[in-house]
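TrEMBL has this to say about the protein:
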ACT_SITE  HIS44  active site, proton acceptor
BINDING   CYS52, CYS55, CYS77, CYS82  Zn(2+) binding site
COMPBIAS  369-382  compositional bias 'Basic residues'
DOMAIN    1-177  domain 'Deacetylase sirtuin-type'
REGION    359-382  region 'Disordered'
Amino acid sequence: MPSITHMALVELEKAGILKFIISQNIDGLHLRSGIPREKLAELHGNSFMETCPSCGAEYLRDFEVETIGLKDTSRRCSDANCGAKLRDTVLDWEDALPPKEMNPAERHCRMADIVLCLGTSLQITPACNLPLKSLRGGGKIIIVNLQKTPKDKKASLVIHGRVDKVIAGVMEILNMQIPPFVRIDLFQIILSQGLSLDKKFVNWTLRILSVHGQKAPLPFIKSVEISFLDNQDYKSTTLQSQPFLLKRRTVKEKSFEMVLRLNFSEGCGSSHAEINVPVDFKVSADCMNLDKEVVFQRLIEETVQNSFCGKSAVIERKAISIPKSEVTVYAIVTNIIRYAKSLKSLAIDSLSNGDVKRQRESINGSATSRKRSKRKKRKYRH
């Protein structure tokens, strides 16, 4: 989950104070927190991102991509005119920094009035030299890190402390609120049907799937309990493992309503959410495709107001002719995190982003991917 600092940076960006972020982390939390992609350079990649080498499309996933080193993954570009194999974006130690990320990072450093270096050891080249580019244009460097860094002597201000505590103090002085983080995930429900040989029954299949592909995992759903409203003809059941799939047979003219209880995985803000799914086997030819950002904003506002996870909304519905199916895409709130409103309420030894070990790594600017942590550190080529 994003930390206090992540969400404070989001508010500073919305206020027009923060112009650009350069990140060496591969956790994807800046994008997840709400920083616009065009205002972010992820120098070492994003372990939740895939990109198309042919058309340049980017795909942000809700699961960690299985490869590193700019290798092909198991998925393809969804653009009908492309269809190329996708690649991961996480650099291995011998990989050069991508110009797509490095060029805007250099440009913004040269333009910057102030470069804030937050929670970084400033030891990995060439990224560690980026802040120095601001000095040539009269800019200043401010460093906040627990330990000393090689660039401390170049900085106008150095604070040896926890980044969350410092940024919380900055927000308090600016009289700005740190916004809550509301996590929204997507999933799809596919209801397929076909007539029996005697045409008296409908054989139907219900699938609860990731929007990233039928073989992609649903990391936020642990199990699905299915019950039927006002209908004694169907037995309730629980789908314990992925892929979540239910097959049944129904009299052709019969309609009913299912209740899906989605049991969330550990780490979500609530234990479950319920969704009602009416079934009449009349697949509509009309498609619905709502503005995703508008739906997201409404869910965020309602969640913040009610402080309750689990609210969902339909963002897309479409029909498929073969096999005869209806596909509905849902957005669902899986977590809400509120942060301390004042510096006084922020504990000195509070850890804002998970367990002690992980926080020690990230706050010191030395966090690395689990996939690469055992390798010998080397300089990136550029």
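Yeah, the Cβs are placed from backbone N, Cα and C, and that goes for glycine too.
On the structure: features taken from TrEMBL.
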residue	record	contacts (Cβ under 8 Å, 6+ apart)
HIS44	active site, proton acceptor	GLN24, ASN25, ILE26, VAL90, LEU91, LEU97
CYS52	Zn(2+) binding site	GLU58, TYR59, CYS77, ASP79, CYS82, ALA84, LEU86, ARG87
CYS55	Zn(2+) binding site	CYS77, ASP79, ASN81, CYS82, ALA84
Field: Beyond the site residues CYS52, CYS55, CYS77, CYS82: chain residues whose C-beta lies within 8 Å of the centroid, for Zn(2+)
entry: PRO53, SER54, GLY56, ALA57, ARG76, SER78, ASP79, GLY83, ALA84, LEU86
Field: Protein Cβ atoms within 10 Å of CYS77 (Zn(2+) binding site), excluding its own
entry: 20
Query: Roughly where does the domain 'Deacetylase sirtuin-type' (1-177) sit in mean pLDDT, to the nearest integer?
result: 95
Query: Other than its own, how many Cβ atoms are within 10 Å of the Cβ belonging to CYS82 (Zn(2+) binding site)?
result: 13
